[in-house]
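**Student:** According to TrEMBL, the record shows the following:
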- 12-31: transmembrane segment (TRANSMEM)
- 91-110: transmembrane segment (TRANSMEM)
- 130-157: transmembrane segment (TRANSMEM)
- 178-205: transmembrane segment (TRANSMEM)
- 320-341: transmembrane segment (TRANSMEM)
- 361-386: transmembrane segment (TRANSMEM)
- 398-418: transmembrane segment (TRANSMEM)
- 455-483: transmembrane segment (TRANSMEM)
- 539-561: transmembrane segment (TRANSMEM)
- 567-585: transmembrane segment (TRANSMEM)
- 644-670: transmembrane segment (TRANSMEM)
- 735-759: transmembrane segment (TRANSMEM)
Amino acid sequence: MAILSDAATQVLVPLAAVVGIAFAVAQWVLVSRVKLSPSARAGARDKDVLGDSLIEEEEGLNDHNVVVRCAEIQNAIAEGATSFLFTEYQYVGIFMSIFAVVIFVFLGSVEGFSTRSHPCTYSKDKECKPALFNALFSTVSFLLGAITSVVSGFLGMKIATYANARTTLEARKGVGKAFITAFRSGTVMGFLLASNGLLVLYIAINLFKLYYGDDWEGLFESITGYGLGGSSMALFGRVGGGIYTKAADVGADLVGKVERNIPEDDPRNPAVIADNVGDNVGDIAGMGSDLFGSYAESSCAALVVASISSFGVNHDFTGMCYPLLVSSVGIIVCLITTLFATDIFEVKAVKEIEPALKKQLIISTALMTVGIALISWLALPAKFTIFNFGEQKEVSNWGLFLCVAIGLWAGLIIGYVTEYYTSNAYSPVQDVADACRTGAATNVIFGLALGYKSVIIPIFAIAVGIYVSFTIAAMYGIAVAALGMLSTIATGLSIDAYGPISDNAGGIAEMAGMSHRIRERTDALDAAGNTTAAIGKGFAIGSAALVSLALFGAFVSRAGVKVVDVLSPKVIIGLVVGAMLPYWFSAMTMKSVGKAALEMVEEVRRQFNTIPGLMEGTGKPDYANCVKISTDASIKQMIPPGALVMLTPLVVGTFFGVQTLSGVLAGALVSGVQVAISASNTGGAWDNAKKYIEAGASEHARALGPKGSDCHKAAVIGDTIGDPLKDTSGPSLNILIKLMAVESLVFAPFFATHGGILFKLF
């Protein structure tokens, strides 16, 4: 028996979630104290405000017009982001409603929409609830997951657009003040998402339990819809947001920086507002939904396997909720970790920014290791059994601790390898920058080589994690290893959201006409954010690999597949087609960005050529038209790649059966992870090679510059090629492999009963 009682578990899980939400609200209150109204500052006479005024005098910025201008730009960015998300959610809402009906019809038809109980799949002597009600509850959990994902992404975007101008204004007082404002804003998103995801899942389990009672097999199978809903929304958020942001970014860079030789975020550039809006809808809303989907899926995969193991058979609620307890501990650990960045170690200089962010990863991982050991000892019996393809495998609590810990530390390794290959502090990116001396072609060649090479160590880390965790606890071990990698999701998301907020802050400083010194501070914040964003993408892709494999194991168990024989022609054709899907998907998303960027480039050129006085700064650009182009293009172009991912498991499972679908899932997993890592890291390296030349921080960098030189132009071209790779195709691929796996798991009973129509006919 576990030391922790069921009653204590019922209290601890929601308590941790509520504490996380309360902490997020507290951080938001602190950020809101930075005022965007000049009148409040002008009328105040207390010591602190007078001190602030003196600092502004020194910076030559005691001008209320600057504050007003910052507020206007922030409002324009916030309105553009809100408008895009509302439009996107309307289209996606229609798709989700149709797909919810498909889930109900397909799963309800497994037993001919019968309302009679039936023998349980794994315990034939017990009666399980009717398939019709499993279909209904799966549909409800799907909609719950989709709504939670939407709310998470939307809240993240609102917080980011609320904080960007405040970060700019705080940069007048020093880089430390600006850093704390940006980071606190990121933590609001990180903790809200992690806590909401846990709380909604916990409430759903307890509500469903009122109907299911002792039928834990049916209960946790219906909960898998939660992960499907979360990832479905994440796919459209990532693809739509990625197309939006990169269309604007490529258009702004190619015409503004290369053709017109004006600075990044120059207010004369018509695409500059759309570019800043894109940072929020792609990197904030999209990333938030993506990591929420990973968290929901890994939890669901672990719960499904646990429900048919000794935890489910013996109705051990605390053991069953072990994945939720790990996430609960993660929220508390991340809360403590955050205090190190905001209250314990204060950032005072530019060189301290990146180390402060990296310390967050190390501290959270070290503390979480202790937390996992504690909860494994308290919540798990010394020995228990885990379902392993028709058999029960005996596992110890320390063994399960090792599974979670190996996922946690594998994530850190992947993060740091990603940083090595994408940060301009190290030789790989510096070599790419050096290749710009001979033009864009050599820059592209070096960048591609770097991306392919960067796959090696992460894949070995994932492979070791898979082998160890599977050997110890079968597919359940892999599921909790994925959960271990995501257990510090609140810290990871905080760091990730910090990047776009800092990027926007720099853009606002440039557009508001603030001094070069302020722009240097915001650039320093942004440079650190770029590196940590690449680390975040590495985490997301690594966890996607483990989550997909765990979901794959749950699928083959639920579909009744005893062995996946790679020598079987049914499986081989699935493997080949599955390995092709990431390339098909990448082609669609890359071309979508290309089409949207083409339209944006033409519009920006048109405005520069036709609006009198635009280059001289006397004419005003039409920002709204560029925002409209990005919005229309992303909404129109996100549907085909989304449909490809959502329809593939349905078509393959229905017409070719579970064996072929198993091959498709395995092929997509193996191929997708490699393509995703190389695409993200190649794009990240090109971006930071450009920034390395622009910053001119070393003698080598100064020899390659300055801005506007042929070498710099070659770097900008590489960056624009890499933009859709690192922010659209690469990050979206991890959703592809997870989403197909969780969708197959949800529809497994239908595929097992009615699938393989073509093979039955011929």
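Placement of Cβ uses the backbone N, Cα and C atoms for every residue, glycine included.
Since the structure is predicted, the reported quantities are computational estimates derived from the model, not experimental observations.
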**Student:** Out of 12-31, 398-418, 539-561, 644-670, which stretch has the largest tally of CB pairs under 8 angstroms to the transmembrane segment (178-205)?
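**Tutor:** Between the candidates 12-31, 398-418, 539-561, 644-670, the best contact partner of the transmembrane segment (178-205) is 12-31.
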**Student:** With a Cβ cut-off under 8 Å, give me the same-chain residues at least six positions beyond the ends of the transmembrane segment (91-110) that come close to it.
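**Tutor:** Cβ under 8 Å, 6 or more out: 131-132, 134-136, 138-139, 142-143, 146, 225, 228-229, 232-233, 236, 635, 639, 642, 646, 650, 746-747, 749-750, 753-754.
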**Student:** Restricting to CB pairs under 8 Å, which listed stretch, 12-31, 361-386, 455-483, 539-561, is in contact most with the transmembrane segment (320-341)?
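**Tutor:** Looking at each of 12-31, 361-386, 455-483, 539-561 in turn, the most contacts to the transmembrane segment (320-341) are made by 361-386.
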**Student:** Could you tell me whether the transmembrane segment (735-759) and the transmembrane segment (567-585) are in contact, taking contact to mean 3+ Cβ pairs under 8 Å with a sequence separation of 6 or more?
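**Tutor:** The answer is yes, given that the two segments have at least 3 Cβ pairs within the 8 Å cut-off.
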**Student:** Examine the transmembrane segment (735-759) against the transmembrane segment (361-386) and state whether at least 3 Cβ pairs sit under 8 A, considering only residue pairs 6 or more apart.
**Tutor:** no
**Student:** I need to check the long-range neighbours of the transmembrane segment (644-670): which residues 6 or more away from its ends have a CB within less than 8 Å of a CB in the stretch?
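**Tutor:** Residues 99, 102, 106, 232, 235, 545, 548-549, 552, 555-556, 559-561, 564-566, 568, 570-582, 584-585, 588, 735-737, 739-741, 743-744, 747-748, 750-752, 754-759.
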**Student:** Quick test of the contact rule: Cβ under 8 Å, at least six residues beyond the ends. What residues does that give for the transmembrane segment (130-157)?
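**Tutor:** Sequence-remote neighbours of the transmembrane segment (130-157) are 81-82, 85, 89, 96, 99-100, 103-108, 110-111, 113-118, 189, 192-193, 196-197, 200, 204, 208, 211-212, 218, 221-234, 237, 280-281, 284-286, 288-289, 292-293, 296, 497, 746, 749.
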